[in-house]
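K.L.:
Got these off TrEMBL a minute ago, pasting:
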{"type": "DOMAIN", "residues": "C:257-375", "note": "domain 'ABC3 transporter permease C-terminal'"}
{"type": "DOMAIN", "residues": "C:641-757", "note": "domain 'ABC3 transporter permease C-terminal'"}
{"type": "TRANSMEM", "residues": "C:20-40", "note": "transmembrane segment"}
{"type": "TRANSMEM", "residues": "C:250-273", "note": "transmembrane segment"}
{"type": "TRANSMEM", "residues": "C:285-303", "note": "transmembrane segment"}
{"type": "TRANSMEM", "residues": "C:308-328", "note": "transmembrane segment"}
{"type": "TRANSMEM", "residues": "C:348-371", "note": "transmembrane segment"}
{"type": "TRANSMEM", "residues": "C:419-443", "note": "transmembrane segment"}
{"type": "TRANSMEM", "residues": "C:635-660", "note": "transmembrane segment"}
{"type": "TRANSMEM", "residues": "C:680-706", "note": "transmembrane segment"}
{"type": "TRANSMEM", "residues": "C:733-752", "note": "transmembrane segment"}
Amino acid sequence: MNRSGPDTAGAAATAHPDHVLPPAEAMLWARDLVKVHHGAETATHAVRHVDLRVDRGEFVAIMGPSGAGKSTLLHLLGGLDRPDSGRIWLDGQRVDGLTEARWSLLRRRTVGIVFQFFNLVTNMTAADNVELPALLAGMSPKQARTRREELFAELDLDDRAGSTPAALSGGEQQRVALARALVNEPGLLLADEPTGNLDSRNTRDVLRLLARYHARGQTILLVTHDARVASSADRVISLYDGEIADDSALHAPSASPTTVADVLRLKG
Amino acid sequence: MRLPLLALLAKEPAHGYELKQALEQTFGAAYPQPNIGQVYVTLGRLEKNGLIKGQDVDQSNRPNKRVYEITDAGREELAAWFAEPTEGPRVRDEFFMKLVLAPGAGGSDRLALINTQRRHYLNVMRGLSRLAAQDRDNRAAQLLIEGAMLHLQADLDWLERCQEELD
Amino acid sequence: MRALLRWVRADLRAHRGQATLMVLVTAVIAVSLILANALLQDAANPWQRIFLQSRGAHVWIHMRPGADTAPLSRLDGVTGVAGPYRTAPADLVRGTEKVGLELRAAGAEPPSVARPLVRSGRWLDPARPDSIVLEGSLAHAMRVGVGNTVTVHGRDGATRPMRVLGIADSADQGSYPDWTPGLGWVLPSALDRVVPEPVHTQQVIGLRLRDPGAADFTAQQVVTTLGSGQVTQVTTWQQVRSAMGQDNRLLGLLLGVFGLVALVAAALAMAGAAGSRVLVQVRDIAVLKTIGFTPAQVVRLFLYEHTALALAGMVLGAGAASLFGPLLPGALGEAMGLWQAEPAHAGALAATGAGVVLSIALATVLPAWRAGRIPAAPTVRANHPASGISRLARLALLLKLPPALALGSRAAFHRPLRAGLTVARLAIPIMMITVALGSWATLDGFQDHPRQLGLAASLTARPSGMGDAEARRLLTRQPEVAAAYPGVETPALVPGETTTITVRALGTADHPYPFALAAGHLIRDEDEAVAGQGALDLLHARVGEWVRVMAGGTPHILHIVGRDIEPDHNGEMLSVELGALAGPGGPPKTQYDALVLRPGADPKAVRADLIAASHGRLDVRSVANPADRLGMVRVVVVGLVGVLTLIGLAELVTATASGLRDHIRDLGVLRAMGLTPRQVTAIIVTSTGLLAMVAVLVGTGLGVLLSDRLINMEGQASGVGAGIARMPAPETLLLAGAVAVAVAACVSVVPATRATRARITTVLSASRT
């Protein structure tokens, strides 16, 4: 099993567990993460000894069947849930021991999150949903508004600013959620099945937007069970039963024209 | 290529080059470029079988062109084609052979086999995604690419099943 | 902070209806608290009403006859002057009684400042020179009515019979006998006839001030202006008020208790509402956390929002009560008007408002804290393992009850903690309603069973113009009179205390008066006594101890053998048998006879019969019942029960809604399994009904215990003594409980039908996340 992932610092980490420093180019670095969900009678090992490194500017997808622990892993990395053991560095800072409040402060600037069910604040307008984290991060209402307007123009949401989430289509909601996640220009964008509740056209739109922000240097970590979505990333990590089963960089598309043609050859 | 050409001719009579263009337009990037020679060969075969009939048309300052028209026999053949269900693509038999036979042959690790296969599928998927992005306006092409992607997704799901069996 | 405000604004806009409702509920609670406050203030503090209606003077100065009063009206802050009147000390004699009296010379026209309020009869009339108007409490104590004749003794020997022309209330001095001498108004000519020597007269003047708080300062100025030699006595309104208020401690305590109950109820209602809002918004709160709200910020979010709503409601309520309260018809409006005129009312209003807001804020802390603890990971929630059927449901199945009952009991109790909370929240208003009903029952007890509450005798009779023996014969002939007990009352000094208590000799050792004993036994000997709680407190004595009091100049050493319930005189009453007060000339002359009537006899009719039979020579009076004075309390009790019912209803709606939310998927499954919508509705209604039933049992039980304790505590503190509390009748409780359960069932029918009408598929898919 290939547990070490692409980094080779594993040996050093075991030798001096507390003095190890994350590589400078790593946006996210996790070592030996473990999370067990305790049910009434059984304990489920959702994440087992996962090592993970995401460099700045990378677009990484975590793929696996449902129940493989993908979402749990993402929650651990975003501070929404705490690991039972293991260490996490975010943007060079050790974060696994942070209190909930410190995590909240960190998320404002460093981590944007997009969810499968959009999770917009139901009683706020699309505009308020996006401006809220900006205000939280200390922007003035005017700055927040300007920034939100930029994002809405780019995401084709101009005429939706005053609508409540209930009045928006799924695709629109997810674009608003994307705007909200990006409004503070976070170092890391986490996406948990962002297309899981969208039809194929909206899925394509969201993927295109992710690709666009990635092209501008946004670091993205995406969780999905959908291979089409995963294939839009540079690197796909296969999670199976809480463990990393494979970690592979995808080729540039030009590397496989014949194969594609082969797949498409119509019989007839 | 026989039956698609027949289907195009059922709509209206056309000559070989027109047919090649129609094919390209309809299927776009999703379909491998048709060879003009192959189109003429196929048309000749169809005419010989009486499914279409050709007629030379004079052109000033150019060589004559041959315009084809579908016959009643051709229509029957076409109707029969539409009426019968189409066999779907089948499981990749070769990979399955490898997976089953690998342990006995003392060769490769089965997990490695699965991973290799998965990487391959993902790369193909990525290629298809790029292709789909290039040819966004052709709906027939998009449908075809999507179909291919869904097949790939099914193959990937099946790989997961294979992985489950390893434990 | 900006982000918090933004969210609060959006939330309020999105839940306009809910927010309005919360504001309104707070406003209603504030209004009812303020009204209750005003009402009870009014009842507990008669001075206020009299002072206001009579345009009372804030400072009264008694001075020597020749003093020049003109400079007083020019003092800074004086807006009006009453008098100066000539006054003279005299004695008022009626039958065998003689009490001190201050005669005040007043004109034929009542003055505009400190105008005596004629309650019955009429004001002085120059055509009737030998007439007198008596102050109400004095007339009451002397048992004098309009038309009676009294004798007034001047200090220099002149004696004149005078006819009582009217009885008037006045805020010039405290009520008799707490404040002596008593007060009577006569025409100047009459004063001259009773007290011909000017040297025995004094002058009195009342000053009305712009700022009531300056009374003490003004009093000082008066003494400086006139010279201390001229001034004999200065009285301020505060002294008068406290002297008048003493008799109503019970009411004051009730005010406090009811205020507290209403506040707790308000806080509970708001906490319930806030809690249900948190439940509804669990998902949004998780989202807020993912975008960077800290737990503390989430807590503050809810706290600020609900405090702001409470503040708005309080301001609305206080404003409405202040603006429209005085316009209300009847006693309510009058009480509000009076209360607003009271200088301290702004403070009381502020305190009430602050209390409401603070208690709501405090009550919101728990739900807010729970909101802060909601985990950020939005959808992760450990699946509850399908819990086994609860014991109760199993029992229901064993008993072969219909499915609705079996499943309903499962739905109600399958999460014991949640069910327990719901029951507790429903039980609290029910408990408080029981307490209110207990107060009501206690008042009923005073009215229906006065004998058990220290009011065995409902009439007193005293001869006026007929011999004792003849009076006695008359009384024994009257068939409705079960027994007549001769009685004497005299003030007694307690050694080491400045206050007096009343010693009452009633009945004899052979024929003891049926005191309502809460402890000990009846009087069996001359040196035995029973005491009210107030007297025990004053004497620092307990039942079984010996005490020494001075009555009529003689020391008496008495053995307290019992404590009786003593609604009169704040319980500061020591009762002995007639022989105990015997002097050298035998037993004292009886002042009156306490008449115990046969059960079912109408005191008014008996009184009329007796007066007729004696040709007016027998003065027969009804014994005052505290329940009559506490009539206001009934209004407050009704209001309180109304407010509590509303609160209970609100809790019920919350409980049903959250119950439905918990079970919505189960209900879908049940319907998919083939239960009819009607059966599903029945399950929900049963589940709510069962919870309500448990809450009723718990709430009523606790309420009965609490009400007993609370009312007896009030009784003890007010001097009447513990032992006055009466339980609400079992049938009343049963009825109230049945109504509560029925209402609960009805309330849950609407959301239940709505829930069952939803399409099964929607229900099943909506609860996916």
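The backbone N, Cα and C atoms fix where each Cβ goes, and this holds for glycine too.
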K.L.:
At a threshold of under 8 Å on Cβ distances, which of C:348-371, C:419-443, C:680-706, C:733-752 pairs most often with the transmembrane segment (C:635-660)?
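P.N.:
By Cβ pairs under 8 Å, C:419-443 leads among C:348-371, C:419-443, C:680-706, C:733-752.
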K.L.:
Under 8 Å between C-beta atoms and at least six residues away from its ends: which parts of the chain pack against the transmembrane segment (C:348-371)?
P.N.:
26, 29-30, 33-34, 37, 41, 259, 263-264, 266-268, 270-271, 274-275, 277-278, 281, 285, 298-303, 306-307, 310-311, 313-315, 317-318, 322, 339, 342
K.L.:
Report, as numbers and ranges, every residue of the chain located at least six residues beyond the transmembrane segment (C:733-752) whose Cβ falls under 8 Å of a Cβ in that stretch; write 'none' if there are none.
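P.N.:
For the transmembrane segment (C:733-752), the far contacts come to 426, 430, 433-434, 437, 648-649, 652-653, 656-657, 660, 680-681, 684-685, 687-689, 691-693, 695-697, 700, 704.
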K.L.:
For the domain 'ABC3 transporter permease C-terminal' (C:257-375), give the DSSP counts of helix residues, strand residues and coil residues.
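P.N.:
Split into helix, strand and coil, the domain 'ABC3 transporter permease C-terminal' (C:257-375) gives 107 helix, 0 strand, 12 coil.
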K.L.:
Is the transmembrane segment (C:308-328) packed against any residues at least 6 beyond its ends, judged by a Cβ distance under 8 Å, and which are they?
P.N.:
8, 19, 22-31, 34-35, 38, 270, 336-337, 340, 349, 352-353, 356-357, 360-361
K.L.:
Please list the DSSP helix, strand and coil residue counts for the domain 'ABC3 transporter permease C-terminal' (C:641-757).
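P.N.:
Here the numbers are 103 helix, 0 strand, 14 coil.
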K.L.:
Six or more residues out from either end of the transmembrane segment (C:419-443), which same-chain residues have a Cβ under 8 Å from its Cβ atoms?
P.N.:
254, 261, 264-265, 268, 272, 412-413, 627, 630, 633-634, 637, 640-641, 644-645, 647-648, 651-652, 654-655, 658-659, 691-692, 694-696, 698-700, 702-704, 706-708, 710-711, 724-729, 732-733, 736-737, 740, 744
